[in-house]
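Trainee: Okay, so TrEMBL annotates it like this:
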DOMAIN    1-461  domain 'Major facilitator superfamily (MFS) profile'
TRANSMEM  85-103  transmembrane segment
TRANSMEM  115-134  transmembrane segment
TRANSMEM  175-194  transmembrane segment
TRANSMEM  206-226  transmembrane segment
TRANSMEM  246-265  transmembrane segment
TRANSMEM  277-295  transmembrane segment
TRANSMEM  307-327  transmembrane segment
TRANSMEM  333-357  transmembrane segment
TRANSMEM  364-383  transmembrane segment
TRANSMEM  389-415  transmembrane segment
Amino acid sequence: MATRPLTIQHPGKHPRKPQTRAITTMSMSTTSKAILKPPVPCRRNPLCRRHLLLPAPHSSGSRLSIVPQHIIARSFSIENEPGKVSWFSAGYCLTVGTFIPIAGRLGDVFSHKRVFVDSFAWFGLWSALARLAVYSGPVFIALCRAMQGTGLALLLPNPITIIGRCYDPELRQNMVFSLFGATTPSGFLVGAIFASLLSQMAWWPWAHWVMCFECLLLALLGDFVISATPPPSNPEHERSSLWQRVDILGFVTGVAALALFNFAWNHSPVVGWPTPSTYITMIIGISIIIVFVLIEKRVRHPLIPFDVLEIDSLFTLACVSAGWSSFGIFVYYIWNFLFVPIAISGVLTAVTTRLILSHFRASTVMVLSMTAFLTAGIIFTTVPVHQTYWAQTFVAIIIFPRGMDMSFPAATIVLSRAMPRRHQGLAASLVNTFVNYSISIGLRFAGTVDSQTIPEYHNMF
């Protein structure tokens with residue numbers, strides 16, 4: 001067994017003395033090598049911890065149309081047309097889950113900081129235009145929501161990559177990933193509260209104005225605060241054209257496949273599966289998915305290099321999809337109940353997740369998160385119609401954030417450490433893609449089931 005000194009140097013600190021550890025060179029796995037790599041040095045590394053403050057609006061943005069959707073629908077006189085009202089939130093979730101795969105690659109090519117800051121500016125622009133939709137109609141507000149979703153899609157993976165490159169894979173990185181996950185329940189609650197207050201006490205377009213000002217302010221602050229994290233040098237990428245590095249062909253086919261597949265499920269509750277426009281769209285979407293896989297296996301710089309996705313990474317993504325799709329259904333059908341405890345439970349879970357990740361493997365944390373999703377789902381589905389809120393609904397609201405806040409950092413850590421450093425942007429993109437797309441497609445599954453149940457069941461809500 002050969003031993004060699006391992007020097008761990010933290011950015012901004014003097015190098016420590018070499019520590020001799022017994023490392024078997026012949027038996028080191030790819031994952032172990034990724035864990036032992038020191039982080040990429042970042043300028044102004046102490047400011048990296050402020051990254052977790054910037055993505056907080058991403059959950060509050062999703063609440064702009066879900067919570068006050070009935071008020072928005074009444075302003076357009078479509079409150080009795082649920083098929084049209086659903087697109088206020090469906091278009092947002094659709095573009096978020098569809099455009100995330102390209103976000104990590106754009107960050108690798110053009111700088112993660114640049115894409116991150118520009119995404120906030122883009123989100124703010126379409127928030128301002130959404131405020132003007134009151135003078136146009138429901139189609140324009142749905143379009144603005146979809147464009148806001150593209151900004152969020154480009155925003156989400158890049159801070160994860162920045163954090164992963166600024167911090168070593170030890171306790172501090174686990175802490176930052178856990179706190180980043182806590183922005184989901186807290187952002188959800190803040191967005192729901194202010195969107196509701198502005199819609200009821202003033203005018204619903206003001207919620208979009210406030211989001212516009214917030215995004216533009218964060219874009220300005222992010223340009224000064226966030227450290228530059230240049231991607232690792234890759235001579236092969238430098239010799240390739242921009243078309244090849246971005247993988248335009250894979251991007252077009254991937255977006256088309258995800259959009260058509262999601263549209264078919266979103267359209268089916270309205271017109272039914274026997275309608276040709278529904279099942280033909282589904283067939284075309286599945287066909288393009290097959291074409292996308294074939295393209296990704298042949299291009300030089302694929303968006304999703306399937307050869308680096310091991311079985312544990314795929315299983316982790318499947319768990320994330322199942323858990324977060326159940327949460328999306330839970331949120332959509334129970335948002336009109338008391339929801340404040342979700343933020344408190346989410347923040348407390350984020351703190352405890354940091355401690356759990358420091359003592360247990362990420363795979364163990366994934367098992368705990370799936371248990372929380374399953375338990376909360378069973379409690380929620382067995383709630384009687386006339387039961388008090390505090391008996392089961394409150395318990396489910398307390399448990400669900402534990403699944404969210406444990407699954408997100410655990411999945412991110414599993415994929416980040418299982419992939420080469422040059423694919424760190426891909427790891428972040430995959431986790432966010434499966435989280436957001438599963439929420440969207442899960443709602444479509446629930447809508448199909450909902451449309452086939454008896455009317456008496458609908459009266460519950």
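The backbone N, Cα and C atoms fix where each Cβ goes, glycine too.
Curation plays no part in TrEMBL annotations; they are all automatic predictions.
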Trainee: Average the pLDDT scores across the domain 'Major facilitator superfamily (MFS) profile' (1-461) and report the rounded value.
Mentor: 74
Trainee: Sequence-remote contacts (6 or more beyond its ends) of the transmembrane segment (115-134), Cβ cut-off under 8 Å?
Mentor: 54, 61, 64, 75, 103, 106-107, 140-141, 144-145, 147-148, 150-152, 154-155, 158-159, 162, 203-206, 208-209, 211-216, 218-219, 222-223, 226
Trainee: Take the transmembrane segment (364-383) and find every residue of the same chain, 6 or more past its ends, with a Cβ under 8 Å from one of its Cβ atoms.
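Mentor: Same-chain contacts beyond the ends: 316, 319, 322-323, 326-327, 330, 334, 353, 356-357, 391-393, 395-396, 399-400, 402-404, 406-407, 409-411, 414.
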